[in-house]
Structure formats: structure tokens, C-alpha cells
Amino acid sequence: MGKYYQIFFLLYLLCILYVISCGYINPYSPYSSPCLFAPIIGYLYMGGSLSSNSSNNNNNNNNNNNNNNNNNNNNNNNNNNKDSKLTENCNNNSSNNNSDNKSNIKNKQHHHHSNFRNRRGKSNNKNSSDNDDCTKCNKRHHTQSSSYDTSELHQSVSSGLGGSMGSGSQALTDIEKDINEFMNANPSHSLNKQQIQQQQQLQQQQQQLLKQQQQQQQQQQQQQQQQQQQQLEKQRKEQEETEKKKQLELQQQQQLQQQQQNGNGLIIEEDMMEGRILRNISKVYRDVNENQPKSYYDYEGYRINWKNVDRYEVIQKIGRGKYSEVFSGIDIETSDEVVIKVLKPVQKLKIQREIKILESLNGGPNIIPLLDSVKDQSSKVCSLVFPFVNKTDIRELVYTLDDYDIRYYIFELLKAIDYTHSKGIIHRDIKPLNIAIDHSKRKLSLIDWGLAEYYHPGKNYNVRVASRHYKPPELLVNMFDYDYSLDMWSLGCLFAGLILDRDPFFNGDNNNDQLLKIVKVLGTDDLFNFLDKFGLSLTDEQSSLIKPRQKSNWERFIPYENDDIAQPDAIDFLDKLLRYDPTERLTAKEAMKHPYFKDFNQSIL
């Protein structure tokens with residue numbers, strides 16, 4: 001059997017030489033050479049003598065030796081590949097961690113053989129066979145790389161080296177030291193830490209930015225919600241205001257409609273008409289409208305020819321009234337100064353009446369003419385255009401006017417009133433504010449015809465007209481069939497304020513108090529005579545306020561500084577205007593013939 005073993009040893013030696021010559025194994029590697037020559041060293045150590053065991057034992061020993069050799073080869077290959085991997089990682093400055101380096105060493109250790117053959121210039125067929133071996137090797141070591149078993153490595157190293165290179169644990173610690181030295185010497189490891197820190201900082205910054213963006217979005221959403229709520233609240237308030245305005249407009253329209261119906265004799269309370277003995281009929285101009293065609297006074301069927309408002313330019317506001325606001329403006333086509341009266345939302349019938357009356361009075365003395373009627377098509381606002389008048393309130397001029405000036409302007413006013421009455425029209429709102437005086441030109445104009453009405457004898461009219469301080473007694477006791485004499489009472493109140501330096505002369509707080517103020521001057525005898533004549537009566541409240549009084553003497557109301565103005569003919573003229581009974585008052589024509597105007601009335605005699 002010793003011969004057979006020698007023959008087997010020679011064959012093994014030849015195989016090793018062939019493997020080395022072919023380049024499959026590097027004999028200079030410190031890890032592979034002990035594995036290749038371990039059997040030879042063992043044979044020489046034993047002196048070439050073998051025990052005379054049975055053939056079966058020899059076969060078993062040979063098999064065990066072969067297995068050990070295979071294990072040693074595998075372990076040496078692993079060690080060799082680890083070394084090559086360490087070298088390759090040092091050259092490439094790998095940035096992987098410790099565990100990744102170990103797994104990469106195991107996964108790449110089997111390409112050492114193919115790389116060695118390539119350096120020797122071998123053919124592609126050999127490379128393909130080597131690749132097949134590497135595939136098998138990879139399959140075998142894939143299970144090993146999943147779990148790094150240090151005990152298996154210890155056994156393989158100790159068995160392969162045969163004790164010549166020390167124990168397996170010492171080899172393992174050497175490898176781990178090399179790996180640790182490599183990792184400590186590798187600068188990419190510290191770079192990885194810096195990169196990780198930078199990435200963490202970037203992530204923190206991104207998170208902060210995201211938080212800031214979210215906060216900004218939340219703030220924007222809150223602001224948008226607040227703005228939406230504010231807009232909704234504003235819209236709600238605007239809607240409430242518009243609804244209130246509409247309700248007020250409806251109420252005003254209903255009141256105006258009721259007043260208009262009362263004024264036209266359509267609705268009159270029956271208890272007020274009971275006991276009427278005599279109907280009031282004007283003693284002048286009573287049949288003017290009856291002698292005219294219906295189209296002359298029928299403002300209900302009158303159609304207004306509205307023109308474009310763009311012709312006029314508004315400059316500034318100069319006044320306001322109950323039913324309108326007044327602005328100064330310019331006629332763009334002629335560059336003339338104008339006055340634009342912007343009408344508030346009122347009953348359409350009232351606007352038609354005012355325009356119709358102004359057309360009827362066009363060209364009259366001291367009556368402001370209507371230039372144009374315009375309408376804004378977008379807003380539907382209606383306006384009346386008049387020539388510009390340098391308006392000065394007559395009350396502002398009272399201290400600059402002398403006796404002659406007062407006579408002159410009252411006479412000019414009577415001209416306008418008489419012309420109005422001659423056209424069958426009652427002004428119904430004569431007061432200082434509706435009299436425009438340009439004293440430098442000595443020009444007077446009667447303005448504001450919004451309450452004017454056509455007169456028809458025996459017709460009932462609305463008693464809610466004229467300003468309180470200039471209301472005649474017939475309006476205060478609800479006498480609906482009044483006539484032109486209403487304007488003459490208002491003129492008397494205005495004249496009393498001028499010559500007696502007391503405006504308003506009858507300064508009542510309400511309608512009943514206004515009647516009481518009149519009674520204190522004119523007494524109760526003439527009042528009761530007036531009421532009895534026309535079958536009128538006082539209300540319970542009026543009866544409780546009014547007590548029997550004598551008529552006052554006009555001279556007691558004259559201030560000493562106005563002796564030159566309040567002359568006897570002026571007092572007589574005033575006394576004939578302020579009468580309870582409308583039939584006893586002077587008409588406009590009669591007033592102009594009064595001796596008070598003897599210096600001016602030659603033209604009308």
C-alpha cells in the first residue's frame with residue numbers, strides 16, 4: 001500500500017504543478033501556498049512511512065484528507081479574496097460601512113482566479129469555464145455571506161494551515177485588525193458621517209421650510225376666511241341698508257300717493273267733510289284751467305322727453321331740499337353755468353307735475369325757466385337743469401336792504417305770483433329759501449316748483465303742503481278746498497319777518513302750536529268766525545290749547561330800529577294779507593295796487 005500512496009502522492013504533485021503552470025492558483029500567495037503544499041509537508045514530516053492499516057481505513061483516511069484539503073482550499077480562497085478585497089477597497093476609497101465591507105469581501109473573492117488568468121493571457125474558453133466555477137462558488141458562498149460564522153472560519157484556517165501559521169482565532173483577529181485598520185485609515189468613512197450629518201441638516205431645514213410653508217398657508221387661509229367673512233358681513237350690511245332704503249322709499253311713496261290722492265280729492269275722510277256749510281272758491285282766476293284743453297293741465301298723461309345727461313358736468317353741491325339736491329354745473333356745449341337739480345326717488349307723477357307746470361310757466365316774469373330734463377340711463381336718476389342764479393337768501397339781505405329795496409323786491413315777487421295764478425297754478429311753498437335774489441343785478445327769481453299744483457274750483461287738495469311757519473290757517477284746520485290765497489298768506493308771513501325783524505314771525509313747534517302762535521297775534525274772534533262760515537271745527541287738542549284772545553296791535557311788534565321800514569302803509573298791507581278767511585285776503589293783483597307800492601304800480605294801473 002505504501003507504493004500506491006507514493007504513486008498517488010506523485011500524481012498529486014503533478015496535478016499541483018499543472019494547476020500552477022496553468023495559472024489557476026498563485027503559489028506566491030501566503031494563503032494558498034500552505035493549502036497546496038500541506039500534504040507534501042505532512043508526508044515529509046512523517047518520513048514517508050505509513051502504518052499497515054487495512055485498506056478500508058486507508059481509504060477513509062484518504063477521503064478525510066481530501067475533504068480537509070477541500071476545506072483548506074476554500075478557507076484559503078476566502079482569505080485570499082478577503083485580502084484582495086481589502087486592497088481593492090483601499091484603492092477605490094469605498095464609503096460603505098463595516099458590515100458592507102465584509103459582505104463585499106465575501107462576494108468578490110472568487111474573481112481572483114479569473115483575474116490571475118487574464119494576466120497570464122489565457123483564452124476566452126478558459127475564462128468561460130472559470131466563470132462557471134465562479135458561479136458555483138458564488139452559490140456556495142452566498143449562504144455563507146448571509147451569516148458570518150467565526151467558528152467555521154476558525155476550523156478552516158486551523159485545518160488548512162496545519163498549525164504552521166498559528167491558531168484559527170489568531171488568524172481571525174488578524175483579519176479583523178486589518179479590516180479595522182482599513183476602516184480607520186479610510187477617509188471616506190468620515191466623509192460618510194459628514195454627508196449623513198449634512199443630509200440630516202438638510203432634512204431638518206426642509207422640515208422647517210415645510211412647517212413654515214404650512215404655517216404661511218394656514219395664515220393665508222385664515223386671512224382669506226377673515227376677508228370672506230368681512231365681505232359677507234359687508235354685503236349683509238349693504239343688503240340690510242338697501243332693504244331699509246327700499247322700505248323707506250316705499251313708505252314715502254305710499255305717503256306721497258296718499259297725499260296725492262287726498263290732494264286730488266280721491267280720498268277724503270268723511271267726518272272732516274261733515275258739517276261743511278260753504279265750499280271755498282277762489283274769487284280770481286277760478287276758471288282758467290276749465291277754459292284750457294285737458295292737455296294743458298293733465299300731467300298724469302304727460303310724457304317727459306328725457307335727454308342725455310352727458311351734456312352737463314357737475315361742479316359742486318350748493319344746496320338740498322326735501323325732495324332734491326342742487327348742484328352747480330356747466331353746459332359743455334355752450335360753456336354756460338347751470339344749476340342741476342337732482343331729484344330723489346319720488347313718485348313719478350310728482351316729477352311729471354313739476355315739469356309740466358314749469359313748461360306752463362315758461363317765460364313768466366321772475367320765474368326761473370326750465371332749460372332741460374335729463375336722465376342717467378345707468379342709474380335712472382332724473383335731473384332738471386336751470387340757468388345759474390346768484391342766489392342770496394332774502395333774510396341775509398335784510399340788514400343791507402332799505403325801505404325802497406324791500407318794496408321793490410316784494411313787488412317783483414308779486415309779479416311772479418300773479419303770473420302763476422293767472423296760469424291757474426298755486427305755488428304752495430313760498431318762503432325765503434325759494435326766493436333767489438341777485439342784489440347786484442337787482443334780479444329776483446321764484447324757484448322750486450315741486451309742490452305747485454293746478455287749481456280747479458271746488459276740488460279738494462292735500463293739506464300737507466307749504467312749510468310749517470308759512471302755512472295758512474285753512475291748512476291747519478284741514479280745509480281741503482283751498483285756493484290761490486294760500487300763497488298770499490305765505491307772502492304775508494315773509495313780509496312780516498322783513499319789516500318786523502322777526503323771522504319766522506309765527507314760529508310754531510308743530511301744526512297745533514303754529515295755530516296757537518297765530519291766535520296769539522290775530523285773536524280768536526276772527527278765527528271762530530272763519531270756522532263758522534265754512535263749517536269747520538278744531539280738533540280736541542287744538543280746542544284745549546286755544547283760549548279766547550283779542551287781536552294784538554301790530555305796532556307792538558315793531559322794533560324801534562325798524563321805524564323807517566315798518567311804516568303805516570306797510571302795516572296796513574301786512575294786515576290785509578294775514579287774515580283767517582281766505583276770501584278776505586288780498587289777491588296778488590290787488591296787492592300790487594296797494595298804496596304801499598305807489599312808486600311801482602303805475603305800470604299795472
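Using the three backbone atoms N, Cα and C, a Cβ is placed for every residue, glycine included.
These features come from Swiss-Prot:
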- ASP429: active site, proton acceptor (ACT_SITE)
- ILE318, GLY319, ARG320, GLY321, LYS322, TYR323, SER324, GLU325, VAL326, LYS341: ATP binding site (BINDING)
- 54-81: compositional bias 'Low complexity' (COMPBIAS)
- 89-104: compositional bias 'Low complexity' (COMPBIAS)
- 105-123: compositional bias 'Basic residues' (COMPBIAS)
- 144-155: compositional bias 'Polar residues' (COMPBIAS)
- 312-597: domain 'Protein kinase' (DOMAIN)
- ASN53: N-linked glycosylation site (CARBOHYD)
- ASN92: N-linked glycosylation site (CARBOHYD)
- ASN93: N-linked glycosylation site (CARBOHYD)
- ASN97: N-linked glycosylation site (CARBOHYD)
- ASN101: N-linked glycosylation site (CARBOHYD)
- ASN127: N-linked glycosylation site (CARBOHYD)
- ASN280: N-linked glycosylation site (CARBOHYD)
- ASN390: N-linked glycosylation site (CARBOHYD)
- ASN601: N-linked glycosylation site (CARBOHYD)
- 54-170: region 'Disordered' (REGION)
- 5-25: transmembrane segment (TRANSMEM)
Tertiary neighbours of VAL326 (ATP binding site) (same chain, Cβ under 8 Å, six or more apart): LYS317, ILE318, GLY319, ARG320, VAL339, ILE340, LYS341, VAL342
Candidates ASN280, ASN390, ASP429 (recorded positions) - the one closest to SER324 (ATP binding site) by CA: ASP429
Candidate with sparsest Cβ neighbourhood (10 Å radius) among ASN280, SER324, ASN390, the listed recorded positions: ASN390
All-chain count of other Cβ atoms within 10 Å of ILE318 (ATP binding site): 14
Listed in sequence order, residues with CB under 8 A of the residue listed as 'active site, proton acceptor' and six or more positions away: ASP448, GLY450, LEU451, ALA452, VAL465, ALA466, SER467, SER490
In the chain carrying LYS322 (ATP binding site), residues 6 or more apart in sequence that have Cβ under 8 angstroms from it: none
ASN280 (N-linked glycosylation site) and ASN390 (N-linked glycosylation site), distance between Cα atoms, whole Å: 39
Average pLDDT across the domain 'Protein kinase' (312-597), rounded to a whole number: 94
Number of Cβ atoms other than its own within 10 Å, given for ARG320 (ATP binding site): 12
